[in-house]
Amino acid sequence: MTATDAPAADERIVRASPLRKLLGRPELGSVVGAIAVFLFFAFAADSFLRASSLSTVLYASSTIGIMAVPVALLMIGGEFDLSAGVMVTSSALLSSMSSYQMTANVWVGVGVSLLVTLALGAFNGFMLSRTRLPSFIITLGTYLMLIGMNLGFTKLIDDTVSTKSIADMEGFTSAKAVFASTVTLGGVDFKITILWWVVLVALASWVLLRTRAGNWIFAVGGNQDAARAVGVPVTKTKIGLYMGVALGAWISGQHLLFSYDVVQSGEGVGNELIYIIAAVIGGCLITGGYGSAVGSAVGALIFGMTSKGIVFAEWNPDWFKFFLGAMLLLATLLNAWVRKRAEATK
Amino acid sequence: MTQPSSRTPLVELSDVSKQYGNVRALEGVSLTARAGEITCVLGDNGAGKSTLIKIIAGLHQHDGGTLALDGEETRLSSPREALDRGIATVYQDLAVVPLMPVWRNFFLGSEPRKGAGPFKRMDVDHMRRTTRAELLRMGIDLRDVDQPIGTLSGGERQCVAIARAVYFGAKVLVLDEPTAALGVKQSGVVLKYVAAARDEGLAVVFITHNPHHAYLVGDRFVLLKRGTMTGNHTRHEITLDELTRQMAGGNELEDLRHELERR
């Protein structure tokens, strides 16, 4: 394309080529990365391309992806949530314990868990807005408190580190079908979390790109003061984003519970970073205001392919963390470049 | 379509003063802004221009004198109230989100929607089209309303902010040093849009420390110096040279010239 295609408004502006426009997409870097990782393991591990292996990879990706989506939205809104990982465990414990203690239908526990987990998310958002402290500090506090409560309450009520089995309780089968069943398609088993993941990505993309709330999410992350000045409800937007993370934690927590029938109270620590890394690899800026839900899904897919690919290639799984670190660095460098390009004042 | 200036001023400040603690930031300042006119406020750094803006924009309240909007004496308690009464302020550090596309910025906080219930969504096509059309009406031909607003030049960003204020029905446009950080050509572009906003029938309050820019578009000139008003002229009463002289401190400039020439 030549500059003559552009309207004569400013001769210094050259028309962007389609390639350049593509480069401006937040998820582009992660897509290229995902293809590279896929090809790499397709050659390195013979069993990687088998349908059953791909189903395993998708399952691993979906368990991360379900949380990476709301975490990505939150990051676009300019905040972190370090409590996201342990909140999954809290949600599972809440569900399990409340059904067991009340000897009720497990769906009652699932409902209680939903309400309390959403309240936890709202608490994070509320504290952030009221104190104006960095979200890093607020959610680090929630993170530690939740770890303590997960272990403490489980010990207090069940006297061990795990909950009692709820497998023989009413409603268990139907809850398992919703949160942890397996669907066989063309002879290959797929976990239902993959469906949850796809639905969440689609929903989040729609919210982000097509609704007013999405516009507000970009704005509060990109320039909070400017957003407030034109009448965007900044506090409401942020509390909503934290409740979105809580919703993800609830879905993941119920999956965790109904995959087995007990929950280990110490689980989930460290996962919050995995979600953040997936979102960052997927093109979310650490500083907020930029990113996409699809990107977070691709980030989660890279995670799933790497963690399972190493196993299929029969390497020492310790190398997983190395790959992760390298990819995070690459992704962040790419993002920094994108931001510079996008913010450059010509 | 310049409207007659004999009507009630949209904004009228008379003998307004403002104190911060024991500091007199503003004293005895009067200003009128009429529909279809540009009122320039000129002053050096620390002259009280920002304080004046903050009173009109509703960020601060005046201590003495009166502020009348459309002939009705009032006090503005918040920027929101000022906005609701049709006063839009475009600040130097513009209220835009750099990484967001132009069209998203244009409608930020007032997004038009379609659909019902859970399917309520932004009317993206309408937003894109309107942004393009409104900017075009102000004479800005954007290559792509999807580009991040941060990629526009400072002048263009000012213009988008002005176009936004015009579109959302502002009656009074307050511009805080819109040309301060711009080059000559960009300043010219912004001044053109200021004039375009005037032609749309808005009352413009144009704050600047550049008398040349002010004289190009202004109908009235209010000169501030150290918080007091040192002049209030209509265009017929004053020449550019005189304005520049008064603005630059008149005699002080003469003194400075002598001092420099001695070296």
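Quick reminder: no glycine exception, Cβ is built from N, Cα and C everywhere.
As annotated by TrEMBL, transmembrane segment applies to A:28-45 (among others). Away from its own ends, the transmembrane segment (A:28-45) comes close to residues 22, 281-283, 295, 298-299, 301-302, 305-306, 309, 312-314, 327, 330-331, 334-335, 338 of its chain (Cβ-Cβ under 8 Å, at least six residues beyond either end).
The annotation transmembrane segment is assigned in TrEMBL to A:57-77 (among others).
Marked as transmembrane segment by TrEMBL: A:106-126 (among others). Same-chain neighbours of the transmembrane segment (A:106-126): 81, 83, 87, 90-92, 94-100, 135, 138-139, 142, 146, 166, 169-172, 174-175, 235, 238-247, 249-250, 253-254, counting only residues six or more beyond its ends whose CB sits under 8 Å from a CB of the stretch.
Annotated transmembrane segment per TrEMBL: A:133-153 (among others), in sequence order. Within its own chain, the transmembrane segment (A:133-153) is flanked in space by residues 79-87, 89-90, 93, 97, 120, 123-124, 127, 161, 265-266, 268-269, 272, which lie at least six positions past its ends and keep a Cβ under 8 Å from the stretch.
For A:190-209 (among others), the entry in TrEMBL reads transmembrane segment.
Within its own chain, the transmembrane segment (A:273-290) has Cβ neighbours under 8 Å at 25-30, 33, 64-65, 67-68, 71-72, 75-80, 84-85, 218-223, 296-300, 302-303, 324, 327-328, 331-332, 335, 338-339, 342, counting only residues six or more beyond its boundaries. The transmembrane segment feature in TrEMBL is assigned to A:273-290 (among others).
According to TrEMBL, the feature transmembrane segment maps to A:319-338 (among others). For the transmembrane segment (A:319-338), the list of distant contacts is 23-24, 26, 29-30, 33, 37, 277, 280-286, 290, 299, 302-303, 306-307, 310: same-chain residues at least six beyond its ends, Cβ to Cβ under 8 Å.
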